[in-house]
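See structure below.
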Amino acid sequence: MSRAPRSEEAKRNWGSDDSQTNILHVDMDAFFVSVELLTRPDLVGKPVAVGGQERGVIAAASYEARAYGINSAMPVAQAKRLCPHLIIISPDHRKYADVSARIMQILDDVTPRVEPISVDEAFLDVSGARKIFGSPVQIAKHIRRTIREQENVPASIGIASSKHVAKIASAHAKPDGYLLIPHDQTLNFLHGLPVGALWGVGPVSRDKLERKGVRTIGDLAALGEHRLRRLLGDAAGTQLYALAMGHDPRQVTPDVVEKSISREQTFFDPIMSRSDAERMLLHLSDDVARRLRAADFVSWTIGIKVRSAEDFSTISRSVTLGAPTDLTHEIYDTARRLLDEVDLPAGGLRLIGVKAENLARPSDGVQIQIGDDGRRGKAELAMDLVRMKFGGASLKRGSLIGEDDDPRSLS
């Protein structure tokens with residue numbers, strides 16, 4: 001969570017036009033404390049902090065503790081002086097990592113364009129998720145609701161046309177809210193904020209600027225790029241002026257460049273029969289197809305991966321299609337044909353995976369197969385919408401009805 005200065009005025013309603021605001025910054029509220037309170041409900045509403053012992057520092061503080069002036073990175077001894085009845089909980093990083101992984105999966109289920117920044121925050125580019133999940137505001141509401149329902153921890157979200165503005169907006173959405181900054185309100189929002197809210201302005205730069213009478217981002221913008229470069233140096237001056245004018249060309253960059261979308265399943269007990277393997281292929285193909293549609297991609301190449309339960313050897317097969325697809329039945333039919341090329345080991349399969357590679361945009365002039373009237377595509381989009389509204393388990397294909405997640409699965 002950012003500790004940059006905030007402005008109460010900036011928390012107001014800036015408008016409802018989210019047509020050009022595809023960037024979301026998701027930031028969990030007092031994350032470590034929120035996770036601890038899941039198993040310590042008796043501490044809700046009390047000043048609580050996660051941190052080390054007397055010679056350690058505060059890692060996170062509840063909002064009740066922050067009312068006493070306690071914040072992250074503060075020495076525990078100082079925090080105890082500010083609030084003698086502060087409750088200190090020793091950190092459990094394994095627990096936080098587990099909850100974080102599940103939250104990041106929730107984000108990844110919306111769009112693969114997720115850039116984690118830390119264990120409790122991430123940027124999303126939702127431009128490709130609109131046709132399934134709706135507008136950026138609807139997507140933000142869906143994310144907050146899903147995180148609350150599945151993990152019972154609060155999240156705040158900033159919605160804007162750039163990473164810089166979305167991050168500032170999420171700080172002003174706290175606690176447990178969202179804030180939309182329409183594209184045409186970017187400068188109005190930025191220029192009233194304290195100069196220290198600008199990404200890259202630390203205490204030293206802030207003091208230097210304030211000595212020059214620069215107290216708001218608007219004051220900084222008014223100086224002009226030339227004067228800022230003289231004051232702060234060429235690189236810093238150029239960057240801060242651009243940010244102050246709302247210019248931030250940085251893209252949301254996932255950990256891995258998006259070249260494929262895949263899904264695989266590992267099993268405690270091996271898959272022994274071809275029919276069970278094909279059922280798992282259908283389940284995985286359905287998930288991969290849904291992710292393709294959510295990310296606004298089609299795939300030219302479909303692949304499978306299977307791992308022997310006997311010697312853990314891995315076999316991969318792939319094929320390039322005559323036309324790209326994002327449809328479950330086409331991905332599944334291809335994956336099943338690839339599986340037919342593999343002799344199942346006597347000891348069964350420990351892992352099965354499906355991958356869509358060689359991705360393209362549907363709008364990139366890709367050729368659609370002759371005779372495809374689009375009915376299957378519309379049906380699958382309709383299924384996506386039902387799953388979004390009522391949950392992933394609310395709708396299953398006929399051949400999967402009656403089947404829960406395989407009890408043998410490890411993941």
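Glycine is no exception: its Cβ is also placed from the backbone N, Cα and C atoms.
TrEMBL: automatically predicted annotations, no manual curation.
What TrEMBL says about this one:
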type	residues	note
DOMAIN	23-202	domain 'UmuC'
BINDING	Asp27, Asp120	Mg(2+) binding site
SITE	Phe32	site 'Substrate discrimination'
ACT_SITE	Glu121	active site
Asp120 (Mg(2+) binding site) falls, by three-state DSSP, under coil
How far is it from Asp120 (Mg(2+) binding site) to Phe32 (site 'Substrate discrimination'), counting Cα to Cα, in Å?
9
Determine, to the nearest whole angstrom, how far the Cα atom of Glu121 (active site) is from the Cα atom of Phe32 (site 'Substrate discrimination').
12
What three-state secondary structure does DSSP assign to Phe32 (site 'Substrate discrimination')?
helix
Predicted model, mean pLDDT over the domain 'UmuC' (23-202):
94
